[in-house]
Amino acid sequence: MKKEVTVESFELDHTIVKAPYIRLISEEVGPKGDIITNFDIRLIQPNENAMDTAGLHTIEHLLAKLIRQRIDGLIDCSPFGCRTGFHMIMWGKQDSEKIAQVIKSSLEEIAEGITWEDVPGTTIESCGNYKDHSLHSAKEWAKLILSQGISTDAFERKPI
């Protein structure tokens, strides 16, 4: 007999959210009391656009570095298959407003301060698809996202 499961992100009505936003998906408590917090980092409006894979890939590599420079406890920040944002998984209880600030400042650095030499994991030894990167695209997406403002609410625009 198969266990019935609900996948939260498939229950979310993607037609009513207003990207870009940061949304707390869940706080899970492990068997020893450890808390893991999962965020929806939605940068592009679902079903209206999607990031090209090269730009998304470069943003992914940069966020892996930039988030860790700004906040402790990052477990992973991985792109959605739909290419509209990322899952961000953290140790402990985390504040959505703080996460929004971290993402905003990371995107600001991508848009204005990053050079190709700053992008980690771009060699054949360090990346499984090292030829599929575009810093130009990453910068353009970061600028577009920042121009729209990052909201702390998925359903009502409350840009930080």
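The backbone N, Cα and C atoms fix where each Cβ goes, and this holds for glycine too.
Values in this document were obtained by computation on a predicted structure and should not be read as measured data.
Non-local neighbourhood of HIS61 (Fe cation binding site): VAL119, PRO120, GLY121, THR122, CYS127, HIS133, each in the same chain, at least six residues away, with C-beta under 8 Å from its C-beta. In the three-state DSSP scheme, HIS61 (Fe cation binding site) is classed as helix. What Swiss-Prot records for HIS57, HIS61, CYS127 is Fe cation binding site, and it gives sequence analysis as the kind of evidence.
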| note | Within 8 Å of the Cβ centroid of HIS57, HIS61, CYS127, the other same-chain residues by Cβ around the recorded Fe cation site are THR58, GLU60, VAL119, GLY121, THR122, ASN129, TYR130, ASP132, HIS133
| said: At a 10 A cut-off on CB-CB distances, which of the binding-site residues HIS57, CYS127 has the highest count? | reply: HIS57
